[in-house]
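Trainee: Dumping what TrEMBL says about this protein:
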- B:137, B:147, B:163, B:165, B:226-237: substrate binding site (BINDING)
- B:235: active site, nucleophile (ACT_SITE)
C-alpha cells in the first residue's frame with residue numbers, strides 16, 4: 001500500500017502533540033484497526049538566492065491585517081508545489097507499538113533533591129552497575145582508536161570529539177565533547193578540592209584549542225557537565241553559547257557550568273561534591289527514578 | 001500604500017535570519033530606497049477537531065519518499081486559503097531604523113567570569129544606579145496594590161503573580177514570579193548564611209501554595225533565580241519543569257536553581273555570594289557589557 005493509501009485510511013483518535021512554535025502536529029489513530037501515528041511538520045521556507053536577488057518572492061496574495069506607524073502585518077499565501085515547495089513533511093508509523101506511542105507522549109521531568117545519603121545509598125551503587133561493559137565504547141575511543149577519524153584534538157589529559165548531535169561544520173550549533181583520560185571520576189560527585197587545578201587546566205586547554213580549530217572565541221563557548229550524565233566516565237560538553245536549541249541538556253537543573261564546578265570546589269572542602277545536596281531534574285524514565293529517586297522530592 | 005504594494009516594491013539586500021526549526025525568515029532590503037525588514041513565519045497547522053474526527057484531513061497530495069518496516073515518510077501538499085489556512089504570517093517594518101535592524105541580528109551572548117572584585121568595582125555601582133525609579137513598578141505591586149487583580153497569593157514574605165509571559169491558565173507553560181517583601185536584597189550577590197532559613201521557608205511556601213492553586217505537583221516546579229536578573233529587587237521564577245521553550249532564561253549560565261543557592265549558602269560562609277566568582281552568560285547589548293564586563297572573559 002502506498003503512503004497515500006495508508007493516510008487515506010487513517011482514523012483519528014487523539015492529538016498526541018501540537019507545537020505552534022515548531023509547527024508540528026502528531027496524531028494517534030488507527031489504520032485497519034491497528035495503531036498508527038501520523039506526524040506533520042511544516043517545511044521551512046525554500047526561496048532560492050536567485051529568486052531573492054531578482055526580487056521574485058513566491059507570494060500569491062497578501063491579506064493585510066493592520067498597519068501602525070512603521071509596522072505592517074498580514075497573512076500571505078505562497079506558491080506551493082509537491083516537489084519543490086511542499087507544505088509539510090509527513091511521517092507515518094504503522095503499525096505502531098506501545099513504545100512508539102509512549103515516545104510521543106511528552107517527557108515527564110521532575111525536580112529531585114539528592115542528599116549525600118541518597119547518593120551513597122541509591123545513586124552510587126547504580127553508577128557502579130553502569131560501568132564496565134556499559135562504557136566500553138568510551139574506553140574504545142580513549143584507548144583503542146575507535147572513531148579516530150573524528151578526533152579533533154588529543155593530549156595526555158583528554159580527547160576532544162564532535163558530539164553526535166553536531167555535523168562538525170555548522171558553527172551556529174557547535175557541540176564538542178571532551179572525554180578525560182581518567183577512570184577514577186564517574187561524575188561530579190567524585191570531584192573535590194584536589195581536582196581544582198586539573199579541571200582549570202582542562203578548561204584553559206579547551207578555551208585555547210577550540211578557537212584554534214574553529215572560528216569561535218573562547219568566551220563564546222558554554223562549557224558544562226551534566227548531573228546525571230548519560231554515561232559515567234567524566235566528560236565535558238562544549239557548545240556555542242548562542243545555541244539554545246538543545247532542550248533539557250543545557251537547562252539549569254541538568255547542566256552545570258564547568259567554571260561553577262571549579263569555583264564551588266574552593267568552598268566544598270576536602271570531601272567536595274560528595275557532601276553536597278544536589279537538586280536536579282530527572283526524567284521519570286531514568287532508571288534511578290524507579291530505584292528510589294521518585295521518593296526523594 | 002497597501003502591504004501588497006509595499007512588498008511588491010521590496011528590493012532584497014540580505015537575509016538577516018533563517019530558522020529551520022521555527023520556520024522563520026527575515027529579509028533586509030529597501031522600498032523606494034529606504035530600509036525595510038520583511039519577515040515571514042509559517043503558520044501552525046489549523047485543522048479543526050471536526051475535520052479530524054470526521055477523518056477529513058486537508059491533504060491535496062502526498063509524495064512518498066521512503067518506507068522501511070513500520071516507518072513511512074514523504075512530503076505533502078495541504079489545502080491553503082488566505083483566510084483560514086494561509087501559508088505564513090508576514091511582517092514589514094518600513095521605514096526601518098538602524099535599531100530595528102540591529103534587533104534582528106542574532107543575539108550575541110558571551111560567557112563572562114565575574115570575580116568578587118569585578119562585582120564591587122563594576123556591577124555593584126551599576127546595580128545601585130538601577131534602583132529607585134527603575135524599580136518603582138515593583139514597589140507599586142508590593143505596596144501600592146498595582147496589578148492587584150493578578151495576585152495569586154500574598155503573605156508577609158512575598159507576593160506571587162503570573163509572569164507576563166504566561167496566560168495564567170495553560171498549565172504546560174506555567175510561569176509565576178515571586179517578589180519578596182524585602183528591599184535589602186538586590187540580587188543573589190547579597191545573600192549569605194543568614195538568609196538560608198528565610199529562602200528555605202519561601203521555597204517551602206511556593207511548593208505548598210502553587211500546587212494548591214493549580215493542578216501541578218511540587219516536584220514539577222523548576223524554581224530559580226537569574227544572575228544577572230532583569231531588575232534588582234530579589235525575585236524568584238517558577239515554571240513548569242516540563243516547559244523548556246524559554247530560551248536563555250532557564251539555561252545554565254543564566255538560571256540558578258533556588259535550592260542550589262540555598263545549599264551553596266551552607267558552604268559559602270558569612271560573606272556568602274559576595275565572595276564567589278560568578279560565571280554566567282551575558283548579552284552584549286546588556287549595559288554591563290560596555291561598562292567593563294566585555295573585558296573580563
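Note that Cβ sites are derived from N, Cα and C of the backbone, with glycine treated the same way.
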Trainee: Report, in whole Å, the straight Cα-to-Cα distance of the residue listed as 'active site, nucleophile' from residue B:226 (substrate binding site).
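Mentor: Between the Cα atoms of residue B:226 (substrate binding site) and the residue listed as 'active site, nucleophile', the distance comes to 9 Å.
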Trainee: Between residue B:163 (substrate binding site) and residue B:235 (active site, nucleophile), find the distance joining the two CA atoms and give it rounded to the nearest Å.
Mentor: 11
Trainee: For the binding-site residues B:232, B:234, which one has the sparsest Cβ surroundings, going by other Cβ atoms within 10 Å?
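Mentor: Fewest other Cβ atoms within 10 Å, among the binding-site residues B:232, B:234, is found for B:232.
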Trainee: I need the CA-to-CA distance for residue B:137 (substrate binding site) versus the residue listed as 'active site, nucleophile', whole Å please.
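Mentor: Here the two Cα atoms lie 13 Å apart.
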Trainee: What are the non-local neighbours of residue B:228 (substrate binding site), defined as same-chain residues 6+ apart in sequence with CB under 8 A from its CB?
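Mentor: In sequence order, the residues whose Cβ lies under 8 Å from that of residue B:228 (substrate binding site) (at least 6 apart) are B:123, B:187, B:280, B:282, B:286, B:288.
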